[in-house]
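Taken from TrEMBL as is:
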type: TRANSMEM; residues: 59-77; note: transmembrane segment
type: TRANSMEM; residues: 84-100; note: transmembrane segment
type: TRANSMEM; residues: 106-127; note: transmembrane segment
type: TRANSMEM; residues: 139-161; note: transmembrane segment
type: TRANSMEM; residues: 181-204; note: transmembrane segment
type: TRANSMEM; residues: 216-237; note: transmembrane segment
type: TRANSMEM; residues: 342-362; note: transmembrane segment
type: TRANSMEM; residues: 374-394; note: transmembrane segment
Amino acid sequence: MTSVSASDHGEEPQGAVTTLSESALEADVIVSAAIADVVEESKLADSTVRLGTAPLGPLLFWLCFPTAISMSINAIYNLADSFFIGKYTGTVGLTAISLATPLETLFATAVASAVGVGAGAYMSVLLGKGHLSEGRMLMAHFLCLGLAVSIIVSTCTMSTLEWLLVSLLGCSEAVLPTLLAYTRVIFVFAPFGYFMVAGMLPLLRCENRAPVAMMMQILASLLNVIGDPIFMGVFGFGIEGAAYSTSFSQYAIGACVILFYLRPKTTSDVPPNFKGMFTGGFDIKIFQRILSGGIGQYLSMLPPSLCTIVANKQLARYSSTSTEGDTYVAAMGLASRFQSMLFMPLIGICMGLQPVLGYNYGQKNFNRMKRATVRVLYAAFGFTIVCSLAMEMFPYQFCG
């Protein structure tokens, strides 16, 4: 008897049918994911979509100019802060903040900036891809990471504060009480305050809201300048008043930014999804992406701070008296704050470029990324030329 196979009757073997079914299922999944991406991308606000569609010239001006202005205002605030500290506490107070600034940068400003830049870079890519649900998860992880890092920084610095001031900074006995009073307040309150300002503002820029970030930065500086004479003069807190004023301004602005994201009718594309994060658990990969994206920012801020620490110690070491050394340190601190007025706007110009690069990287629009980078390089080069010529032509007007 002759056996007849299924293929002889025109029927497909069962294995082939299974393979076809699996292939069809995979195709459905791919199509569904693609449709979901398109739907999510269509929900992006017009301001965010402009990062990939608007003419580069006006777009970069919209992003870079407000950021440069906000950084300039921040530099001017630093000088105004020095004025009030010098008025109410004298040379000792100026020496104290000159010594505290690099330490504050290493353990507060740079850490907050690194977390913010890392999250901002990743957020820009997600917005470019239209992955809003992942962006909301990133925002929730970012806020939790900022709180955790702030607590760790405060705990570590406060537990070793006197050693850091004496051994690392080389603080003299005359300045140590003043420096301790200032840094104790700063490292209790400021780490989370810096995170809410320096960390949150890059995320506003990711959604093409650079003017809003600028207003927040300017308002923080104004609150700080107004708070200095109130806390130091009216309340009589001395050098601690400057630290309270700094912390108060940061928390006030930080609260406004967080409320912008948490309010029920927020216009943000990526309000934090805490429910999804706590239900599904923390995603370690998101933390890794934030930290890996921000490590470069921290490393770029590390050398200037270390150089300032070394220079301060050398000034104190080679001075004939400790009083003379403290005066030199105070003078160098003022000079550094003035110098920041020239390079802070340059940093702002470069920061304005980041949302364009991240968004178009997510869109795989590499040609637009290249053209945007070239334009910003030209702008930064022109700015440095103008500043250098102005300093050479009018040195006494600037330094007098």
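All residue numbers here begin at 1 and follow the chain in the order shown.
Note that Cβ sites are derived from N, Cα and C of the backbone, with glycine treated the same way.
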Give me the stretch from 59-77, 181-204, 374-394 with the greatest number of Cβ pairs under 8 Å to the transmembrane segment (84-100). 181-204
In contact by Cβ distance (the transmembrane segment (374-394), the transmembrane segment (181-204); 3 or more pairs under 8 Å): no
Out of 59-77, 106-127, 139-161, which stretch touches the transmembrane segment (374-394) the most, going by CB pairs under 8 Å? 59-77
Paired segments the transmembrane segment (106-127) and the transmembrane segment (216-237) in contact, 3+ CB pairs under 8 A: no
